[in-house]
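**Q** For 1-97, the entry in Swiss-Prot reads region 'Disordered'. Summarising the annotation, Swiss-Prot assigns compositional bias 'Polar residues' to 19-28. Per Swiss-Prot, the feature compositional bias 'Acidic residues' maps to 35-45. Residues or ranges marked as compositional bias 'Basic residues' by Swiss-Prot: 60-73. The feature substrate binding site is assigned by Swiss-Prot to H204, H312. Residues annotated as divalent metal cation 1 binding site in Swiss-Prot, with sequence analysis given as evidence: D224, D235, E432. What Swiss-Prot records for D235, H304, E337, E432 is divalent metal cation 2 binding site.
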Amino acid sequence: MAAQVEDDVANLKLDDSTTKPTNGTSQPDSKLSAEAEDSDDDAEGDGNGTGEAGADGAAKKKKKRKPRKKKKAGTSATAGAKSQTSPPRVLISDLFPNDSYPEGEICEYRDENSYRTTNEEKRHLDRMNNDFLTDYRKGAEIHRQVRQWAANWIKPGMTLTEIAEGIEDSVRALTGHQGLEEGDAQKAGMGFPTGLSINHCAAHYTPNAGNKVVVNYEDVMKVDFGVHINGRIVDSAFTKTFDPVYDPLVEACKAATNAGIKEAGIDVRMSDIGAAIQEVMESYEVEIGGKMLPVKCIRNLNGHSIGHYTIHGGKTVPIVKGSDQTKMEEGETFAIETFGSTGKGYVRDDMETSHYALRPDAPKVALRISSAKSLLASITKNFGTLPFCRRYLDRLGHDKYLLGLNNLVSSGIVEAYPPLCDIKGSWTAQSEHTFVLRPTCKEVLSRGDDY
């Protein structure tokens, strides 16, 4: 989910000394071991004697083997033998019964932080902080399985509502939390609404009720959704296209995001990360309609830190060179997301708002509209500070709530996040990953075989 800030000016170079770590996997790591069976030669060897005794002995051996095979078949129904369905509906905890979820991509720290990899004190701190990592890795595994299914499932002619609900239903099924009972959505589920922003719209668009928009073959659609487990949010996004003409635009964002992740680390300045991202992104160009177009960073869209139950933390990660001297710190979680555009490289609020969130620092205001009071109580109980959309309110059975919702926004209690768009006729793309700065290494939680 995008963060929007003002751009600064400074120029720093990308350090290419990072070594590429091993990717995490998105498959269950428990496998059934093969059981050796007695060979026919052994059976014949045991029955060398003649007469009924030898025949009875052979028969008994066969009878003994059958129960063993049946028992093994029974154990094959354990969680390790299960696989995900299409669409995804198998609880992720059934695929990983011991809560042993795959690590993300492990990146060793560089330069003055390289000592952290083997430092005993840092290793001890790493071992002490495993509980929250389990929640993050569980959310990341759900994100991988859902997005990989969605990327193959999405086709031209589908409505945005169909796509959004397909992704969200899958996330809820894998977490085991449908979010219909009071407080259930705060235990696990959607970290924020599914963003499906098309072409010049870069971020924060999800269909409201009655939306009939259909995705077409020539569209460039950003698919941005989050999964949370106990408030630990994994935020990751990819760009879905059908026409290969847009491949260079998509690749520019992927490469720029990877450059930002490579540069990021403990005590690294935000300005350095922004410079690294911009250098890579703007080295690309794309030919559309016979015109060669440069790919520009959308300079007022940024990555961000992620807090507990808070998708946009207190820090932003620029995607252009600037003068921000803020540093990343040990233990922080960040989403690095990059946006490339063939337009102005600058977005503005446009179209109908769908995304909202209760402000963590919301003022205590006397609400005079009764519908606003009841709506605020429902938002607080069901979402807390997690972002939500109008469809989520519809799903909970709310009716005629717009007056109350607008009152909460105007009172400063709820923040509205309107769609962010470049100029019409332009194309925009996005790539995003979430990582955590562990004491000994940088773990890219959302990394998968797909991106």
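Every residue gets a Cβ built from N, Cα and C, even glycine.
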**Q** Reported as an integer number of Å, what is the Cα distance between D224 (divalent metal cation 1 binding site) and H312 (substrate binding site)?
**A** 14
**Q** Taking the Cβ of D224 (divalent metal cation 1 binding site) as the centre, count every other Cβ atom within 10 Å, in any protein chain shown.
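**A** Its Cβ has 28 other Cβ atoms within 10 Å.
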**Q** Expressed to the nearest Å, what is the distance separating E337 (divalent metal cation 2 binding site) and E432 (divalent metal cation 1 binding site) at their Cα atoms?
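**A** So the alpha carbons of E337 (divalent metal cation 2 binding site) and E432 (divalent metal cation 1 binding site) sit roughly 4 Å from each other.
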**Q** Counting other Cβ atoms within 10 Å of each Cβ, which of the binding-site residues D235, E337, E432 scores lowest?
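**A** If we count Cβ atoms within 10 Å for the binding-site residues D235, E337, E432, the smallest count is at E432.
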**Q** For D235 (divalent metal cation 1 binding site) and H204 (substrate binding site), determine the Cα separation and express it in whole Å.
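**A** Given the Cα positions, D235 (divalent metal cation 1 binding site) is 13 Å from H204 (substrate binding site).
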**Q** Could you tell me which of these binding-site residues, H204, H304, H312, has the greatest number of Cβ atoms within 10 Å of its own Cβ?
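**A** That would be H204, with the highest Cβ count within 10 Å.
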**Q** E432 (divalent metal cation 1 binding site) to H312 (substrate binding site): how many Å between their Cα atoms?
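**A** With the alpha carbons as reference points, the distance is 14 Å.
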**Q** Three states by DSSP: which one describes E432 (divalent metal cation 1 binding site)?
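**A** Assignment for E432 (divalent metal cation 1 binding site) reads strand.
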